[in-house]
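Reading through the structure tokens given below for one structure.
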Amino acid sequence: MNIKTALSRIVDHLDLSTDEMRDVMREIMTGQCTDAQIGAFMMAMRMKSESIDEIVGAVSVMRELADKVELKTLDRVVDVVGTGGDGANIFNVSTASSFVVAAAGCTVAKHGNRAVSGKSGSADLLEAAGIYLNLTPVQVARCIDNVGIGFMFAQTHHKAMKYAAGPRRDLGLRTLFNMLGPLTNPAGVKHQVVGVFTPALCRPLAEVLQRLGSKHVLVVHSKDGLDEFSLAAPTFVAELKDDQITEYWVEPEDLGMKSQSLHGLSVEGPEASLALIRDALGKRKTENGQKAAEMIVLNAGAALYAADLATSLKEGVALAHDALHTGLAREKLEELGAFTAVFKVENEG
């Protein structure tokens, strides 16, 4: 099916099949569509609302066209990732949590990009920390093998996304493409914590990942609007485990944490986010640093559970707490910077 035929279907509020969506996405991702067609398609899909079949089709094409990272095993390899777009502008929780997860002995294949709507995306933060981002897939795999954590810069691994970049920017609205990033990890991880910008996406995205072969995934949105677990409010979870999806709410107290305000955790940019994270992963000299540390532990604990290193969310949080207090997470951050610096010399001379 071509994009013109698809558009005539979508404007009549008719869903595309998975195969039809694959056809259209291949057209878009191989440069065969005009910007006007892509913009119209994104807008029509948003107005109709994307079906699970359509999201599965779109994700499968993006995965197919990605520059993949080949790992020795995907067993207990995890990604902590969010759609962004929650408008909260708090520090980079998922990225900071990834270093605690690595410190706990779990392998992390982190996928991320620059900021979508916030002040600091994962790529912006890591760049501020002196981590070199323009790595080849082989170099990312070496980071993961040697440091226990590696970062896959979305725009490097999903070059075909360039064809949709202009229409996305011009529309300035959330579209199908906002939810594709977290579902298209170039290493093909089967264990994830995926934060989303609305609770309405939790179950559908869990179903998409179930169809695509994921093993243990938590798709989450907190009641105070975050695309991650919150200290300040209950968090809604759609959990895929043992090929079953269960939905539930989690309070911080359920996981051995104290509910508290997120005041002081908003940042104006990557440098401020980095300073707060370094304090949280280090000596926690400030009140905000201590609070940030607890937010990090909460989300790292969820990742350790998703990776099956813990048998429950509460046990995962306890493991993350212990890992944070070893100081190893801060060391992992610096180690990744030093390790990627070698690749910068290799790639740029």
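Quick reminder: no glycine exception, Cβ is built from N, Cα and C everywhere.
Annotation source Swiss-Prot lists 5-phospho-alpha-D-ribose 1-diphosphate binding site at GLY82, 85-86, 92-95, 110-118, SER122, citing sequence analysis. Using a 10 Å Cβ-Cβ cutoff, ASN113 (anthranilate 1 binding site) registers 19 neighbours.
Look at ASN113 (anthranilate 1 binding site): DSSP puts it in coil. If you look up Swiss-Prot, you'll see GLY82, ASN113 marked as anthranilate 1 binding site, on the strength of sequence analysis.
The Mg(2+) 1 binding site annotation in Swiss-Prot covers SER94, GLU228. When secondary structure is read from DSSP and collapsed to three states, SER94 (Mg(2+) 1 binding site) falls in the helix class.
Around ARG168 (anthranilate 2 binding site), the same-chain residues six or more apart in sequence whose CB sits under 8 Å from its CB are MET42, THR175, PHE177, listed in sequence order. Under the heading anthranilate 2 binding site, Swiss-Prot lists ARG168.
Sequence annotations record features per position, and here Swiss-Prot assigns Mg(2+) 2 binding site to ASP227, GLU228. Counted within 10 Å of its Cβ, the other Cβ atoms near GLU228 (Mg(2+) 1 binding site) come to 25, all protein chains included.
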Could you state the whole-number distance in Å separating the C-alpha atoms of ASN113 (anthranilate 1 binding site) and GLY82 (5-phospho-alpha-D-ribose 1-diphosphate binding site)?
10
Excluding near sequence neighbours, so keeping only residues 6 or more apart in the same chain, what lies with its CB under 8 A of GLY112 (5-phospho-alpha-D-ribose 1-diphosphate binding site)?
VAL81, SER94, THR95, GLY121, SER122, ALA123, LEU126, PHE151, MET152, PHE153, ALA154, GLY181
How big is the gap, in Å, between the Cα of ALA115 (5-phospho-alpha-D-ribose 1-diphosphate binding site) and that of ASP227 (Mg(2+) 2 binding site), rounded to a whole number?
14
To the nearest whole angstrom, what is the C-alpha distance linking ASN92 (5-phospho-alpha-D-ribose 1-diphosphate binding site) and GLU228 (Mg(2+) 1 binding site)?
10
If I take the alpha carbons of ASP227 (Mg(2+) 2 binding site) and GLY82 (5-phospho-alpha-D-ribose 1-diphosphate binding site), what is the distance between them in whole Å?
6
Between GLY82 (5-phospho-alpha-D-ribose 1-diphosphate binding site) and GLU228 (Mg(2+) 1 binding site), how many Å separate their Cα atoms?
7
Simplified to three states, DSSP reports ARG168 (anthranilate 2 binding site) as helix
